[in-house]
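First comes the structure, then the notes that go with it.
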Amino acid sequence: MPRSEADTIRILVSTDNHVGYAERHPVRKDDSWRTFDEIMQIAKKQDVDMVLLGGDLFHENKPSRKSMYQVMRSLRKHCLGMKPCELEFLSDAAEVFEGAFPFVNYEDPDINVAIPVFSIHGNHDDPSGDGHYCSLDLLQAAGLVNYFGRVPEADNIHVKPILLQKGRTKMALYGLSNVRDERMHRTFRDNKVRFYRPNQQKNDWFNLLALHQNHYAHTRTSYVAENMLPDFMDLVIWGHEHECLIDPVRNPETGFHVMQPGSSVATSLVPGEAVPKHVAILNITGRKFEVDKIPLKTVRPFVTREIVLASDKRFKGLDKQNNRHEITKRLMVIVNEMIEEANAEWRAVHAEDDDMDEDMEPPLPLVRLKVDYTAPDGARYEVENPHRFSNRFTGKVANHNDVVRFHCNTKGKKNVATAPGVREDIAEILESADTIKVDNLVQEFFAQQSLKILPQAPFSDAVNQFVSKDDKHAVEMFVIESLSTQVKELLQLDDDKIVDLDAHIQDFRQVMEKSFDAGQHKQAQRTKRFKRKPDGWDSDLDGHWINQPQALEDIPAEVEPKGNDRPTKRVPTSGVTFSDEDEDMDMDNQPVPIRAAPKRGAAAKTTAAAKKAAPGKKAAPAKKAAPAKKAAPAKKAPARGRKKKTPFVDSDEEEEEDYPEDDDEEEEEADEEEEDVIMEDDEEDPPAPPPKPKATSRVASTRASARATPVRATPARATQARLRLRRPPKPGLLARRLG
C-alpha cells in the first residue's frame with residue numbers, strides 16, 4: 001500500500017518516564033517531569049495521531065501532588081485542543097476500558113482532545129489499596145489518558161484489542177500491564193493468557209502489543225520470553241527495561257519486531273542508562289511500519305566508566321604502602337575527564353538548536369566511576385573513603401555523593417554461583433541469597449505459628465502491599481474484609497447444624513485460601529457507570545446529564561469463558577491462547593446474573609427510636625453546656641430517611657446495618673441533666689408514617705429509579721422533645737420549682 005498521510009497512523013512511543021524520581025534531590029528534583037514535558041512537546045510538534053506510553057509513568061505508586069500536577073499540566077497543555085482526531089474507534093469501549101467513563105476520551109463531547117494518550121501501568125504505578133485504583137485511574141477520570149491493558153486476574157488473563165482505523169490502515173492495539181514476573185511466567189506456561197483477534201478481515205490489521213515485563217532472564221522464571229507471545233503480532237513495544245534500544249529488531253522464531261524505547265530519565269547509574277535517550281515516531285501504513293528516532297535534549301548527560309588499577313598503566317607502580325594520596329590524585333584526573341566528556345556530549349546534542357544561547361552552560365552531569373582495586377599477591381592499593389572522594393566534586397556533578405564505587409575481590413573468596421560444575425538451579429538460589437523478600441519472611445513466620453481465622457496467602461499479599469507499595473491501609477482492609485466475610489458466612493448457618501464452630505471456621509479459611517490461589521480473590525469492583533450523553537442533550541435546558549436517573553447503568557458481570565464452550569483454531573506452543581471466533585469479540589449476549597438485594601438486618605425492624613423519627617431529619621438532643629460558657633449549638637444527627645442513591649455501590653455500604661438508638665441511654669442522660677433543664681415540653685410526638693416497602697432486588701430498584709421523576713423532598717417537621725432554653729426563668733416558675 002503506498003504511503004500517504006491520509007492512510008498513515010503516526011504514534012509517539014515512550015516508556016518508563018518515572019515522573020517523580022529523585023524529586024527531593026537538590027539538583028535532580030525536576031529532571032523527570034521536564035523530560036516528560038519535552039516528550040509531550042514533541043508529540044504536538046510532530047503532529048502525531050496518538051501517544052503510546054508503555055508503563056511506569058510515575059516513579060511511585062502514590063505520586064506526590066507535585067508529580068501529578070506536572071503530568072496533568074503537560075497533558076492538558078499539549079494534548080488538548082481544537083484539532084480533530086482522525087482515528088476512528090471501532091471497539092466496544094466497555095470491553096477495553098473500565099471505570100466510570102467507559103469510552104475513549106477524544107469521543108467525549110465535553111472534552112476537546114487533539115492528541116489522545118493511551119497507557120498501560122507498570123510495576124511502579126500499579127493499582128493497589130481499597131478499590132484497586134492507580135494513578136492512571138485519576139488521569140482517566142480527568143479525561144487526559146486512556147488507561148487500558150488492565151489485568152483483573154493475574155492467573156486468568158484476557159487481552160482484548162483497541163481497534164483503530166485511519167483511512168485504509170487498521171490497527172489492533174493490545175495492552176498487557178505489569179504482573180509480577182514469576183506469576184506472569186507461570187500464567188503463560190499454563191496457557192492462561194488469551195489474546196482476542198478481530199473477527200473480520202483479521203489479515204488486514206496491524207497488530208501492536210505494549211507490555212511491561214522483564215525482557216531478559218535475570219532468573220529462570222523472572223521474565224517473559226519473546227517466543228511466549230503470539231506470533232500474529234507485527235510489533236511489540238517492550239517496557240520496563242531502561243536501556244534505549246529504539247531500533248526494532250526482528251525475532252526470526254516468531255516473525256514480529258521488538259522495540260525497546262528505554263527510560264526517559266536515569267534511575268540508576270549503570271552502563272545501560274548511559275545510552276542516549278530517544279523517543280520514537282512510529283508510522284504505520286497498512287501492514288508496514290517505519291520508525292523515526294528523536295533524541296531527548298532535556299536529559300541530564302551521564303557518563304560511566306570502569307577501571308582496574310592492577311591493569312591500568314596510569315596506576316603502575318602504586319601497589320605499595322602509603323599510596324592513597326597519589327591514587328586519589330590520579331582518580332580525580334579521570335573524573336574530570338569524564339565531566340568534560342559529558343559536557344561535550346551535551347553540546348553536541350544541542351548544536352543544531354537555533355534558539356540555544358552560546359553562553360548557555362550545560363547542566364551538571366551524572367558521573368559514575370567504578371574502580372577495582374584488587375592488588376596482586378603481596379601488594380596493596382589504599383583508596384580514599386568513597387563519600388569523601390565524591391564530595392570533592394560538589395558543584396561539578398549532580399551526584400556529588402556517589403561519584404565513585406570501589407570494589408575488591410577478597411583473596412581466597414570465590415564466586416560459588418559462577419564456579420564450574422554448579423547446577424543452574426543452585427546457582428540461581430545462591431545469586432538471590434542476599435535478596436530478602438516479604439513473601440518469604442511471612443511464610444517463615446507462619447511456618448512457626450499458624451493462623452486460625454485469617455487466610456495466610458491474602459495476608460502475605462497485604463503485607464507485601466504495605467511494604468512494597470506503601471499502602472498503609474492494606475493490612476487493615478484485609479483484616480476487616482476477611483472478618484466481615486467470615487461473620488456473614490457463619491450467620492447464615494443454622495443453629496441446629498453447628499456442631500463444631502472451629503471446624504466451620506477452618507473450612508471457610510481453606511476456601512478463601514483456594515480462592516486466592518486461583519486468582520478469584522479481587523478487590524470490590526464498581527457496579528455502576530455513566531452512560532454516554534445523548535447527542536441532542538442540552539445541559540442548559542435539560543440539566544446536567546450526570547444528575548439524571550437514566551444516566552446510570554449497571555455494569556454487566558463478566559462471564560468467565562469455559563474451556564469446552566469455545567473451541568479455538570489451534571493451541572499454540574507459546575503458552576498463549578487466542579481465538580478467531582465471532583463470539584469472542586461479542587460479549588453482550590452473555591447472560592448477566594441478577595444479584596439479590598442485600599438484607600438490611602436490624603434496619604428492617606421498627607424500633608421505638610424509629611417511631612419518634614420524622615421522615616426527613618431528626619433533631620438530636622443538645623449537648624450539655626459547661627458552666628460560664630456559651631451553649632454549643634445542637635449537633636445534627638444523621639438523617640433517618642431514605643438514603644440518596646449514589647453513582648457507585650460500595651460493598652462496605654451495602655453491608656452496613658442501621659441500629660436503633662438506645663432510648664434508655666437518652667433518658668439517663670436527661671436525668672443527669674435535670675438540673676440544667678428550665679422548661680420542658682410535654683407534648684407528645686406525632687406518630688411516624690409507616691415505612692415504605694423495599695425493593696426485592698437491585699434490578700427492580702434500579703428500574704424503578706429510572707422511571708421515577710426526581711422530586712425534591714420537602715423538609716420534614718420534627719418536634720423537639722426537650723427544649724433546653726437558656727433564657728432567665730420567670731420568678732413565679734422559679735419559686736414554685738424551689739418550693
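Heads up, the Cβ atoms here are built off N, Cα and C, so glycines get one too.
When HIS25, HIS240, HIS242 are compared with the Mn(2+) 2 site residues ASP56, ASN123, HIS212 in Swiss-Prot, the one appearing in that site is HIS240. Candidate binding-site residues: ASP16, ASP56. Fewest other C-beta atoms within 10 angstroms, ASP16. Take the Cα of HIS212 (Mn(2+) 2 binding site) and measure to each of the recorded positions HIS18, ASP56, HIS124: the nearest one is ASP56. Using the Cβ center of ASP16, HIS18, ASP56, HIS242 for Mn(2+) 1, the list of other same-chain residues with Cβ within 8 Å runs, in sequence order, THR15, ASN17, GLY55, HIS59, GLY122, HIS124, GLY239, HIS240, SER263, SER264, VAL265, THR267. A separation of roughly 11 Å, to the nearest angstrom, links the Cα atoms of ASN123 (Mn(2+) 2 binding site) and HIS18 (Mn(2+) 1 binding site).
The two recorded residues ASP56 (Mn(2+) 1 binding site) and HIS124 (active site, proton donor) have their Cα atoms spaced 6 Å from each other. If you take the Cα of HIS124 (active site, proton donor) and the Cα of ASP16 (Mn(2+) 1 binding site), they are about 9 angstrom apart, rounded to a whole number. Taking a C-beta cut-off of under 8 angstroms and a sequence separation of 6 or more, HIS242 (Mn(2+) 1 binding site) has the following same-chain neighbours: ASP16, GLY262, SER263, ALA266, THR267, SER268, GLY272, GLU273.
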